[in-house]
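Undergrad: The structure that follows is given in the form of structure tokens.
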Amino acid sequence: MVALETQDLEERLSHISGAAIRKAGHGHDYYDPMKTPEEGDLEDGGALVEGGALPLLTREAFGLYSQYFTIGVLLGGIPQLAYPVFLNYLNMEGYQVVTYGVLVNGGWYFKPFFGMLTDCVPLFGYRRKSWMIVGWIVAMICLAVMAFMSFEAPFCGKKELCLVSLKKIPAADQAKYFNFHAPDSGYKFIITSVFLCLGYMMAACASDAMVVQYAQREPLAIRGRIQTAIYTVRYVGQTTALLCIALLLNGPNYRGSFDFNVSPNVIYGIFLAPCVVVVVTTIFFVVEVKTPPTPFKQWCVMLWDLLQTRAMWQVATYRLMNNIFYNFSSTAAQPIELIWAKATPLNDSFSGIIGNVIFMAIMVVVGKYGLLWNWRWTIALSSIAIILVDGFVIFMTIFDGLRNQWFFTGAQLADQIPGGIRFIVGTYCAVELADAGNEGSVYGFITALNNVSSPIATVIYKLIDSYFAISNLDILRDDSHVRWAVAYTYFIAYGFKLLSLVWLFLLPRQKQELQELKRTGSKSPLAAVLIIVAFITCLVFSMTVNILAIFPSTKCLRVAGGPGCAK
């Protein structure tokens, strides 16, 4: 890999020339929503740094792919355990299951800090490879612990009674078939999973920094191709993890359709295997030339200068606010999937597998035809499409128009088409904003703004939903009052999702508009301070509140999503 030059971005932008820019002019024709790169654009260049695009079928590229395959296994597998293990097996409440999803994705919120380590603190002369190895070793230790740690017996030991209201079950059968300690036992695995995710996120940040370096070597018209490739591989990993869960965690203890049970520990052991392999591929396949680190003082100055630019604070504000509004949901989502739609873990996992295949296909299409689409129109149309499809399925299920597990999980697969477009388009901004020397930090910060918005949204909608009768027992009751209570939570969620589009005016239409804004936009120290304060505040508040939801003594707090503690 060719080391990046340390010259200022304005100097490097002087290399951006050729037909791609001449066609852009100064008007808005270039931002036509559906424009596709032309052959001339591919030849004229426009790369931000020298070195040439990375061929996608080389050993060097496969070293990078191995990182994202393993990231995909853990990213797809660990959160997916929420439904079969923590909801079905342990019978934790809906708001606790939502909290599990937030916490095991918590490593993403610390991407700026891990990015700083990869930029400023090399180990044995390597800024990226060494941190990849450290991260994977941490992940290996956590998975080994969970593979051998004892797991509580399931909440319900007789499948025929699991979806029956406890009021209708005799006390003798409750004592014989139910383990009422199970819901309070999950916190040990949740906490260990949090450290696991911090480990693989450390490796992911180092990998992301490499991706930025490779992407900046790509010509303008195809810039984003390497991102599309690695995200496609990541979804192959996620699909592999979902397949394992579908086949192994679908027995009676998980309220599934198979007649055999596998301990939850087994799945953690399976996820351990690719972590061992990726350490080997990191050592022998990943290519990194030893380069001097960015001095911490210089890194701080560079990042501070970048945060003050209008391009940075405008995109950062968009990412944070748009995603806080867009990530609103309902704490009843997984309970109604289990109790009303009667979806089995097999169905849930296979729908996830098919969804990932669709998602990968969409990213390939966007990578080939959509690199120059108008970002605003693309995200707006995708968001509206998701709401329409999701709303139809949800309300048909709530009001018993059609309660079928294949309809519930299958119809929502259509969400993957606009969802894939929305996701991949949203990642392109970070490459345009990063400078040489702070690739990991900038990419980590921009993507972390998206990730930290999710727990903030979760805290808010858990608090709102705590005033509605939508607990597991309420949903088992399934009367008109409960149905409307669930419906109201979704009306609120969809309203917030639509309001997320208000913030699109902050998002530049395309790469060149973002680069122009970065070169010519004004600087604001106040905006930089507000961004930093907002990020840290959101991070600390959301993590603290969500952790409260997993411990037996604090899960009742309303701010944690509970019904309120008895005085």
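FYI, residue positions are counted from 1 along the chain as it appears here.
Glycine is no exception: its Cβ is also placed from the backbone N, Cα and C atoms.
Pasting the relevant annotations from TrEMBL:
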type: TRANSMEM; residues: 68-86; note: transmembrane segment
type: TRANSMEM; residues: 106-126; note: transmembrane segment
type: TRANSMEM; residues: 133-151; note: transmembrane segment
type: TRANSMEM; residues: 189-212; note: transmembrane segment
type: TRANSMEM; residues: 233-254; note: transmembrane segment
type: TRANSMEM; residues: 266-287; note: transmembrane segment
type: TRANSMEM; residues: 350-371; note: transmembrane segment
type: TRANSMEM; residues: 377-399; note: transmembrane segment
type: TRANSMEM; residues: 485-506; note: transmembrane segment
type: TRANSMEM; residues: 526-551; note: transmembrane segment
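What's the neighbourhood like for these features in this structure?
TA: Distant neighbours of the transmembrane segment (133-151): 70, 74, 123, 188-189, 192-193, 195-196, 198-206, 263-266, 268-269, 271-272, 275-276, 278-279, 282-283; these residues of the same chain sit at least 6 beyond its ends, with a Cβ under 8 Å from one of its Cβ atoms.
Beyond its flanks by at least six residues, the transmembrane segment (233-254) meets 65, 68-77, 80-81, 84-85, 88-89, 154, 157, 159, 260-262, 264, 266-267, 270-271, 274, 344-346, 348-350, 352-353, 356-357, 359-360, 363 of its own chain at Cβ-Cβ distances under 8 Å.
Long-range neighbours of the transmembrane segment (485-506) within the same chain, counting only residues 6 or more positions beyond its ends whose Cβ lies under 8 Å from a Cβ of the stretch, are 314-315, 317-318, 321-326, 328-332, 336, 376, 379-380, 383-384, 386-387, 391, 394-395, 398-399, 457, 461, 464-465, 468-470, 474-475.
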Undergrad: Between the stretches 106-126, 189-212, 266-287, which wins on the count of C-beta pairs under 8 angstroms to the transmembrane segment (526-551)?
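TA: Comparing 106-126, 189-212, 266-287: 106-126 has the most Cβ pairs near the transmembrane segment (526-551).
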Undergrad: With a Cβ cut-off under 8 Å, give me the same-chain residues at least six positions beyond the ends of the transmembrane segment (189-212) that come close to it.
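TA: Residues packing against the transmembrane segment (189-212) from afar: 1, 64, 67-68, 70-71, 74-75, 78, 86, 100, 103-108, 110-111, 114-115, 117-119, 127-129, 131-143, 145-146, 149, 151, 226-227, 230, 264, 275, 278, 286, 288, 430-431, 434, 439-440, 442-444, 447, 550.
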